[in-house]
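After the structure tokens below, expect a handful of questions from me.
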Amino acid sequence: MNKSIIIILLITVLDAIGIGLIMPVLPTLLNEFVSENSLATHYGVLLALYATMQVIFAPILGRLSDKYGRKPILLFSLLGAALDYLLMAFSTTLWMLYIGRIIAGITGATGAVCASAMSDVTPAKNRTRYFGFLGGVFGVGLIIGPMLGGLLGDISAHMPFIFAAISHSILLILSLLFFRETQKREALVANRTPENQTASNTVTVFFKKSLYFWLATYFIIQLIGQIPATIWVLFTQYRFDWNTTSIGMSLAVLGVLHIFFQAIVAGKLAQKWGEKTTIMISMSIDMMGCLLLAWIGHVWVILPALICLAAGGMGQPALQGYLSKSVDDNAQGKLQGTLVSLTNITGIIGPLLFAFIYSYSVAYWDGLLWLMGAILYAMLLITAYFHQRKTTPKAVISTP
């Protein structure tokens, strides 16, 4: 594995750690500036600000990396993140925290750049495998982040921010020394020509060759993935009367299984049967998991359901791999930025929508949301089957 890939994976895991690192201590830090009555409001606004900045700036950073190269954008993001965490560590007013979260959302929107860099350095046949690695290490970071934040938060509410600033600074130096620009020179030159810098070109790049269907599929898969993320705690407490320990253990098992399927299994399936077949398999398995959780009330169903939900995560790297092979090198940043934005949008609307539906449906049937997820998958599978019959195996697009 070359040094650039290692740096890409390190940046990805550090971004994921950063998401969860401050969660345990942010309320404590807010207590220094706001009253108890307004704490929850400010906490929610800060989280929403971060997510909103990710939605806005992921495609922007992706496009900038197409134009100027992956390395400058990654170095800028790491430097900005290090300075931002220092700002938050030594904040003396509430507005400094708000500015810090805005900057964190901007500089943390590097998922598109990392995915673009990964597509630059990996052969097309192996992209699903390496996108699976990205998803796997991101999952590791999401597990480590809250644990580390809790441990460091016991020392001081400011300590997680100091740790994040130091770790980003170290990775900045490593990237400066060992990360080589991954984008081909001809792609950089092409993206700097006047005709490639028009607003219409940016907007129309994905209108070609029917990639809309697969972008919509990606969005719906990510949206369905917000169902367990939103209601798992409430659902298991209501149906199985679980305590926090049991819930925490089940989430840990789901996290480990998710990493396994994304980092190891997805790539092997894609190499053997292709990305589209892997996508169909993952949707079918995830649909089975949703049906199990919708109808079966025995606790023994949890393990097979968790396996199904985790295996359903293979659809994301497989779709990334397929879409990445379907665009030219000089459009990778735009593509990956679009995918990251779609993911972040589902992370905003999914919890709001599904929490609302669950709160009103639980009194009648607590399995309604799982059934809705299964129905969405069934509709996707049927639509995908007919879509594949009408389209050619590969739709190559280019930036005019």
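Each Cβ is built from the backbone N, Cα and C atoms, and glycine gets one as well.
Swiss-Prot feature annotations, pasted as is:
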TRANSMEM  5-25  transmembrane segment
TRANSMEM  42-62  transmembrane segment
TRANSMEM  72-92  transmembrane segment
TRANSMEM  94-114  transmembrane segment
TRANSMEM  131-151  transmembrane segment
TRANSMEM  159-179  transmembrane segment
TRANSMEM  215-235  transmembrane segment
TRANSMEM  247-267  transmembrane segment
TRANSMEM  291-311  transmembrane segment
TRANSMEM  337-357  transmembrane segment
TRANSMEM  362-382  transmembrane segment
If I count Cβ-Cβ pairs under 8 A between the transmembrane segment (247-267) and each of 5-25, 159-179, 215-235, 291-311, which range comes out on top?
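When the Cβ pairs under 8 Å are tallied, 291-311 comes out ahead.
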State the non-local partners of the transmembrane segment (5-25) in its own chain: residues 6+ outside its ends, Cβ under 8 Å from one of its Cβ atoms.
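The answer is 74, 78, 81, 85, 88, 104, 108, 110-111, 114, 117-118, 121-122, 130, 133-134, 137-142, 144-146, 148-150, 152-153, 157, 159-161, 163-164, 167-168, 171, 174-175, 178-179.
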Looking only at residues six or more beyond either end of the transmembrane segment (42-62), which have a C-beta under 8 A from one in the stretch?
26-27, 30, 34, 73, 77, 94, 97-98, 101-102, 104-106, 108-113, 116, 332-338, 340-341, 344-345, 347-348
With an 8 Å cut-off on Cβ pairs and a sequence gap of 6 or more, do the transmembrane segment (72-92) and the transmembrane segment (337-357) reach 3 or more such pairs?
no
Give the nonlocal contacts of the transmembrane segment (362-382) in its own chain as ranges (CB under 8 Å, at least six residues past its ends).
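For the transmembrane segment (362-382), the nonlocal Cβ contacts are 217, 220-221, 223-224, 227, 231, 234-235, 238-239, 280, 283-284, 286-287, 290-291, 293-295, 354.
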Take the C-beta pairs under 8 A between the transmembrane segment (337-357) and each of 94-114, 131-151, 159-179, 291-311. Which stretch has the highest count?
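Between the stretches 94-114, 131-151, 159-179, 291-311, 94-114 has the largest tally.
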